[in-house]
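Structure, as structure tokens:
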Amino acid sequence: MIVILNNGGQYVHRIQRSLKYLEVPAKIVPNSTTLEEIIADSEIKGIILSGGPDITKATNCENIALNSEIPVLGICLGHQLISKAYGGHVSRADSEEYASITIYVKEENDLFKGVPSKFTAWASHMDEVKVTPGCFEILAYSDICGVESIKHKEKSIYGVQFHPEVSHTEYGDVILKNFCKKCGFEFEE
């Protein structure tokens with residue numbers, strides 16, 4: 001099972017639905033849920049930190065990002081929280097918008113396996129990661145944001161600024177499936 005921490009974003013139920021389409025069980029929990037409560041359930045194989053409107057109301061997510069031994073994926077605000085937890089810098093975007101953008105994948109990696117080096121995604125850019133922590137590598141960027149996706153260099157911790165769970169994002173299902181594979185789920189190819 002994947003647990004989705006609800007940071008108040010409008011797409012949190014869409015994340016759960018996208019996982020259901022992949023036949024991956026998932027449940028939504030409040031962002032006040034602790035890592036200890038999550039790992040007490042032996043069925044949980046991965047954590048998704050959802051998007052949301054307010055980074056100051058989701059600080060429990062930082063502890064999860066720092067201490068989880070199971071894979072973590074941060075989406076939008078979740079991505080920013082992961083970066084902030086490890087010492088990255090998050091601030092207002094230069095180009096504040098909610099729109100379709102082109103994502104450029106730097107090189108094939110485990111999160112973007114089977115995804116072309118250039119694809120269209122739906123993204124929110126009110127705030128964004130400006131400086132990536134040293135223990136992370138940048139996986140993807142766009143014309144308006146230099147840090148569209150990150151991965152911890154040693155742990156299975158990922159972040160994406162864009163929304164893979166919405167239909168406007170090409171290959172979003174592939175990206176979510178790749179994360180689920182890191183969590184130990186298997187799929188027929």
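Just so you know, glycine gets a Cβ as well, placed from its N, Cα and C.
The active site, nucleophile annotation in Swiss-Prot covers Cys76, and the record cites sequence analysis as its basis. Feature annotation from Swiss-Prot assigns active site to His163, Glu165. Feature annotation from Swiss-Prot assigns domain 'Glutamine amidotransferase type-1' to 1-189; the stated evidence is sequence analysis.
If you measure from the Cα atom of His163 (active site) to that of Cys76 (active site, nucleophile), you get 7 Å.
Counting every protein chain shown, 29 other Cβ atoms lie within 10 Å of the Cβ of Glu165 (active site). Other C-beta atoms found within 10 angstroms of the C-beta of His163 (active site) number 25, with every protein chain shown included. In the shown protein chains, 26 other C-beta atoms lie within 10 A of the C-beta of the residue listed as 'active site, nucleophile'.
Each residue in the domain 'Glutamine amidotransferase type-1' (1-189) has a pLDDT score, and their mean in this model is 94. Cys76 (active site, nucleophile) sits 11 Å from Glu165 (active site), counting Cα to Cα.
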